[in-house]
Amino acid sequence: MTDSDPDPTDSEYYLNRELSELALQERVLHEGMDDRNPPLERLRFLAYFTKNTDEFFMKRVGGLKQQIDAGITDRTPDGRTPKEQWREVLDAVRPLFRKQSEYWETTLRPTLAEAGIRIQNPEDLPEDVRLRLREQFEESVLPTLTPLAFDPAHPFPFISNLSLSLAVLSEDGSGEPTFTRIKIPPNQPRLVGVPGRTEEYVLLEDLIEANLDMLLPDIDIVDVSKFRVTRNAEVRRNQEVAEDLIEMVEEVLEQRRFATVVRLEVDADMPERSVSILKEHLDVDDREVFYREGPIDFEDFFALVDLDRPELKLRPWTPRPHPRLKPSAGDANGTDIFDEIREGDILAHHPYHSFEGTVQRFLDAAANDPDVLAVKAAIYRTASDSKVIGSLIDAADAGKQVAVMVELKARFDERNNLEWVRQLEEEGIHVAYGTVGLKTHTKTALVVRQEENGVELYSHVGTGNYHSETAKGYADLGLLTADRDIGQDLTKVFNFFTGPTLDDRFRKLLIAPVTMRERFTRMVRREAEHARNGRRARIVVKVNGLEDPKMVEELYRASMAGVEIDLIVRDICRLRPGIEGLSETVRVHSIVGRFLEHARIFYFENAGDPEWLLGSADWMTRNLDNRVEAVTPVETVELREQLRFVLEASLSDNRRRWEMQSDGSYEQVTPGEEPVRDVQEILMRAADAALDRGYGPGMVVDADQIDEELLIEPTEARAGPATDAAGSSDTSPDADSGDATDPTDADPAPDEGVEGPSGTDGADDTDATDA
């Protein structure tokens with residue numbers, strides 16, 4: 001590095017984490033406004049945009065407001081204070097809400113009406129239909145409503161998080177208007193069917209407004225407006241001093257109900273009198289008020305997406321059986337899966353491959369097989385009617401040793417996970433709740449089986465949750481293996497969940513927070529050293545987020561050394577590509593499609609002897625330093641070829657792929673004259689072809705779907721030397737070579753202060769973008 005080279009630590013080369021996440025939501029909104037998508041798919045994306053921005057305000061904006069209230073003025077790696085970020089975020093999101101509302105009113109609502117799906121205003125319906133709706137209101141809605149007046153005799157009512165309400169201004173003859181809040185019942189369908197008409201609806205809030213005379217008789221109503229509040233979900237307790245983790249989580253859930261308001265959404269024409277009352281009593285700033293045209297909350301429109309109108313949607317997709325795991329008539333218990341895994345590793349790619357036919361079958365077999373001695377699993381999020389939990393209970397009932405790690409601090413799944421903990425404990429199962437100061441984010445399971453030649457270990461290491469529902473909409477990978485080194489590594493990890501310490505010696509797995517950061521850093525620096533010496537050097541990383549400043553710096557230095565780098569980052573990305581002298585060889589891509597891109601894949605070319613890995617960790621400070629994560633090598637040539645196909649198809653996508661510009665903005669790649677290449681469609685066809693042909697690896701690689709051969713032909717992993725205590729090989733190029741500094745020489749860089757030791761999951765685990 002010379003004096004004329006850019007400084008890779010300069011804040012001008014780091015994008016803001018919050019604005020980067022909003023950029024993803026803008027891409028989601030774009031899909032909701034892209035007429036290449038069928039109408040109900042566009043509506044799905046508009047609903048996801050609402051869901052995602054709700055969570056963004058609860059977690060990220062809530063965290064910023066907490067910092068502001070605490071007087072924190074520390075600057076982020078991009079040089080902004082919490083207050084500067086808060087202002088910029090509110091300014092950036094406001095036009096996005098306007099776009100959503102305008103597109104709905106001017107384009108999508110009329111388009112759906114032409115197709116026979118109508119959202120009607122009650123006053124536009126014929127009188128006989130209005131009367132039938134009024135009868136329906138009187139019978140089933142009116143008894144559930146509670147008007148809450150605000151006047152000298154009544155305090156201002158509590159407004160719960162994300163609840164939709166009507167603000168009614170009325171006069172009683174005294175000349176002084178009265179404010180009344182009416183909560184729209186959340187346990188009633190928001191889309192009310194119009195009697196006698198198919199696929200015609202009125203919104204529940206409009207039905208209530210049209211019949212207010214029945215709820216508030218004999219008063220003069222001056223105005224009726226809708227509003228909704230969003231409260232901070234970033235409520236924390238000090239885990240170090242908490243006597244009971246379950247009690248602490250329950251207290252956090254209770255405190256969240258009464259947390260600070262971070263956003264107030266109101267009708268565009270709400271009178272100033274009502275706005276002033278809400279602002280004063282909810283303690284919100286003018287910047288936090290958002291005036292909305294049309295519906296305030298689009299999330300309930302998911303119900304329309306579920307209508308049986310296939311001509312208004314993308315072609316349906318049902319996950320396929322994995323070719324190597326097709327059910328066999330002679331295996332009632334499904335235990336032949338262990339024979340199949342022992343024959344060779346299996347790579348499952350959801351939702352192209354069925355979760356039930358791979359991961360669930362693995363756990364069911366463990367419960368049913370009399371030769372299985374023990375089953376262990378780490379649960380971060382799971383379904384409310386989880387078959388995974390059922391299998392673990394069945395295993396315990398069959399007399400097997402069962403240990404389950406359930407992360408109680410999984411954001412917005414705390415209550416669900418608390419219930420599973422109680423049920424598992426009632427069954428006599430060993431349950432760990434999490435670790436102080438860390439979240440457990442690994443997607444791992446271990447089966448211990450007695451066989452003729454001794455005890456064998458069968459492992460699952462994945463990128464996605466043990467959640468049968470999200471497995472239908474999240475694109476995730478999982479490795480099923482009988483590799484003993486991986487099994488022994490997982491044994492150490494599970495012992496940490498129930499025991500006092502985490503071993504720092506692992507044979508193959510990269511484990512955060514003990515070895516993963518150093519291993520990834522060494523791999524990036526090794527590529528830089530190869531490039532400096534004229535050897536083949538390339539990095540391709542597919543993650544949900546690239547936020548960690550130290551990893552960004554390492555990538556900048558690798559680019560300055562000449563390493564070709566492709567980063568497929570769905571969500572947050574701090575790195576700026578294409579800057580002369582700093583990141584000229586870096587390209588940043590983002591794919592937003594029908595499935596949420598959730599898999600993490602890592603490729604390091606290593607002078608022609610590439611390493612391939614997959615696992616649960618993003619390149620974010622929270623994942624590398626503040627969570628328990630697991631990343632596994634993929635060593636068989638057939639499975640490496642599968643990963644290569646996924647990466648090359650992703651980089652060849654010209655329908656769903658976006659490219660980041662050097663200023664942090666994104667431009668969508670367009671097909672032009674070329675055939676349209678949609679990576680998710682390509683992988684669906686590949687899974688179909690593999691099933692038809694009985695192609696064992698899982699997907700038939702179609703070279704015609706790839707622009708060009710981007711990565712070298714995979715080979716089997718070479719047997720490497722034993723690793724040291726940090727898990728790194730002593731034959732790799734000098735980790736301290738070049739200009740890079742060793743990250744172990746300094747304390748971890750502080751995060752922005754929003755995430756902390758138990759950082760939020762963000763788009764990571766909640767979004768299609770359920771991003």
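Every residue gets a Cβ built from N, Cα and C, even glycine.
Per TrEMBL, the features are as follows:
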- 14-119: domain 'Polyphosphate kinase N-terminal' (DOMAIN)
- Asn52, Tyr474, Arg570, His598: ATP binding site (BINDING)
- 132-304: domain 'Polyphosphate kinase middle' (DOMAIN)
- 336-500: domain 'Polyphosphate kinase C-terminal' (DOMAIN)
- Arg381, Arg411: Mg(2+) binding site (BINDING)
- His441: active site, phosphohistidine intermediate (ACT_SITE)
- 509-674: domain 'Polyphosphate kinase C-terminal' (DOMAIN)
- 715-771: region 'Disordered' (REGION)
- 721-735: compositional bias 'Low complexity' (COMPBIAS)
- 736-754: compositional bias 'Acidic residues' (COMPBIAS)
- 762-771: compositional bias 'Acidic residues' (COMPBIAS)
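Arg381 (Mg(2+) binding site) carries neither a helix nor a strand DSSP state and counts as coil. Here the C-alpha separation of Tyr474 (ATP binding site) and Arg381 (Mg(2+) binding site) works out to 13 Å.
Nearest by CA distance to His441 (active site, phosphohistidine intermediate), out of the binding-site residues Asn52, Arg381, Arg570, His598, is Arg381. In this structure, the binding-site residues Arg381, Arg570, His598 were compared by how many other Cβ atoms lie within 10 Å of their Cβ, and the smallest count belongs to Arg381.
Ranking the binding-site residues Asn52, Arg570, His598 by Cα distance from Arg381 (Mg(2+) binding site) puts His598 first. Under DSSP, Asn52 (ATP binding site) is assigned to a helix (H, G or I) in the three-state scheme. Ranking the recorded positions Asn52, His441, Tyr474 by other CB atoms within 10 A of the CB puts Tyr474 at the bottom. In this structure the residues listed as binding ATP are Asn52, Tyr474, Arg570, His598; their two most distant Cα atoms lie 15 Å apart.
Each residue of the domain 'Polyphosphate kinase N-terminal' (14-119) gets a DSSP state, and the totals for helix, strand and coil are 80 helix, 3 strand, 23 coil.
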